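*Asks:* Once you've had a glance at the structure underneath, I'll fire off some questions.
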Amino acid sequence: MTERSNSLSEWLEARLPVITAFRREYVNFAMPRNLNYLWNFGAFATIALGLLILSGIFLALNYTPTVTEAFASIEMIDRQVSSGWLVRAIHMGGVSMLFVSLYVHIGRGLYYGSYKAPRELLWLTGLGLLLLVMTTAFAGYILPWGQMSYWGATVVINALNALPVIGKPLAAWLLGGEGLGNTALHRIYVLHFVTAFSIIGFVVLHVAALHVAGSNNPTGIEPAKTDDTVPFHPYYTTKDGLGLCLFLMVYAGLIFFAPDILTLADNYAQANPLVTPRDITPEWYFAPFYAILRAIPSKVGGLLLAAGSLGVLFAVPWLDASPVRSARYRPILRIALPILFLAFIALGAAGMHPPTGFWLWISRIAVAYWYLYFLVLLPYLPLVEISKSPPSSLQEPRG
Amino acid sequence: MKRFFIATLLLAGGSVHASTPEQRGFQVFRQICSSCHSLNYVTYSDLTGLGISVPDIKSYASQHQVPDGLDEDGDPKTRPAHPSDHIGSPYPSESMARMANHGGLPPDFSRLALTQEGGSQRIIHILESYTSAPAGATLPPGAFYNTAMPHLHIAMPQPLHDGQVKYTDGTTATIPQMANDVTAFINWTARPHLQARHRTGIFVLAYLAGLAALLGILKHRVWKRLKTLE
């Protein structure tokens, strides 16, 4: 009998080798030893996503997806459901924390060339995740049925309608025919759920792709010797753990001490199709794309420009002609890329302001630089830029 | 333990009469504002969050009638409100509310401190800015002179007058006193769990800070191995 109980793990191992798989991928997994704290943001995004899904399930238990009841059910969650205010705050704060993590994570990938061969699929699955998260966030923001929910959705659906050929059928498919009403709200609720759970599947793909190619590192040089790497546990479990604690402290500070900055006050007024708010402002994480949407005086043009700004990201592994991965060794890119990050932040600020005068020109300059960076600088910069030669080992100190 | 409970009860009992601004504000709402303004999303039992006792809440609720379906003849029935009912509107419908107020709709108080531009400070300012109209000023019908408004008039008649409410804690009910108290109450309806939110937050942050310190030490020790190996 003892022999049997001893071999329970062997029994499992012979049928489904999860224990060795876990050991291989999360305990002994070889990680470059020189990762900086920017490599924590993937873990941050995963934790934020987990908290979003968990809190979302509890919110769904008390939410009613009808035009007459939606707003009241959110008020009930915030006021009468026990700890409902906490669950809702975790959910609302989680979205912002997830987007911050994703944007930093993507920015890190751009800076250290994490998209280059052999990590193209890692990059593409990551961008797929971003699109799914954006769809989920857009659908989720409509659910409370406040003024900004309603009018934000109206802006996006009008933009969809302007798309040639597919626009009208797509909008009709989302709305169910009768405008932004009960059918639409129910569909958007289902969309929110379906995309939220699809994200988990995409995360699995993303992580699987990561475990094939392994992590990039700040030098962009593949680990060559065995002492270039350290096992994931205990080195990166402790480093990620420390980072996560600090991440959760920011998250907690947001939901417990600054809950008002998570939501626009207008969304505490129930949706009223007869009253248009003075300014329709998006949530901060959509603001850069909203600014691009309004940067040129054409609906279709703005929409194509906004979609294209994400589209160029998908082409980055093939647009970048330089063989050097890390921007550390590319003197011009090292300046051009932070300017791109600034352009993104400027677009975000412009998206929160009415598109006139100063802010309109800021968004035009920023969007022009966005396209210049991806379509001109990435492919043609290597022709003129003289890269420094990367060190021979990733352990060499920075020079 | 028993003594501790008795002592706590005595302390709690002793503090009943020392009203908080929110409790006084509720008294102002109950006696003045609620004749026109609604609290559509707040239930009577939510008022326990202000420290109002359950018997008081029950008696307050039972003074109001709420719709209760149809009787056997198909006529609408009403019943006294339960603590679990919403405080709701003094008017049966939005159009009745507009009809009674020269076409204007008295705004709902549930989230007013958040949705009102300028927040609670603006509400206090409006409540304190009623004066008699100067000679020669023409007001539209159903409007009242108020210096806080951009066009110097407002659809709400002056709601507060000195001594209008007799506070149970003996505070003198001046207009600024009542304006501050009722705004404290409106702040509470807009952010009903603010105290619990801050209390939980301090606990969570302290816990995470402790954990971060421990993990910092652990991480330092683990990574030191790499240096000693070399």
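Cβ atoms here come from the backbone N, Cα and C positions, even for glycine.
What TrEMBL records for this protein is below:
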type: DOMAIN; residues: A:8-219; note: domain 'Cytochrome b/b6 N-terminal region profile'
type: TRANSMEM; residues: A:37-64; note: transmembrane segment
type: TRANSMEM; residues: A:85-106; note: transmembrane segment
type: TRANSMEM; residues: A:121-143; note: transmembrane segment
type: TRANSMEM; residues: A:155-176; note: transmembrane segment
type: TRANSMEM; residues: A:188-210; note: transmembrane segment
type: DOMAIN; residues: A:222-392; note: domain 'Cytochrome b/b6 C-terminal region profile'
type: TRANSMEM; residues: A:241-258; note: transmembrane segment
type: TRANSMEM; residues: A:300-319; note: transmembrane segment
type: TRANSMEM; residues: A:331-352; note: transmembrane segment
type: TRANSMEM; residues: A:358-381; note: transmembrane segment
*Asks:* With a Cβ cut-off under 8 Å, give me the same-chain residues at least six positions beyond the ends of the transmembrane segment (A:241-258) that come close to it.
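*Replies:* For the transmembrane segment (A:241-258), the sequence-distant neighbours (Cβ-Cβ under 8 Å, at least 6 residues beyond its ends) are 37, 40, 43-44, 47-48, 86, 89-90, 92-94, 96-97, 101.
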*Asks:* Does the transmembrane segment (A:37-64) come near the transmembrane segment (A:188-210), with 3+ Cβ pairs under 8 Å (pairs 6 or more apart)?
*Replies:* yes
*Asks:* Can you name the far-off residues of the same chain, 6+ from the ends of the transmembrane segment (A:188-210), with a Cβ under 8 Å from a Cβ of it?
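*Replies:* Contacts with the transmembrane segment (A:188-210): 46, 49, 52-53, 56, 60, 63, 65, 119, 121-122, 125-126, 128-129, 132-133, 135-136, 139-140, 142-143, 153, 174.
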*Asks:* Take a look at A:85-106, A:121-143, A:300-319 and tell me which one has the most Cβ pairs under 8 Å to the transmembrane segment (A:358-381).
*Replies:* A:300-319
*Asks:* Mean pLDDT for the domain 'Cytochrome b/b6 C-terminal region profile' (A:222-392), rounded to an integer?
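*Replies:* 94, rounded to a whole number.
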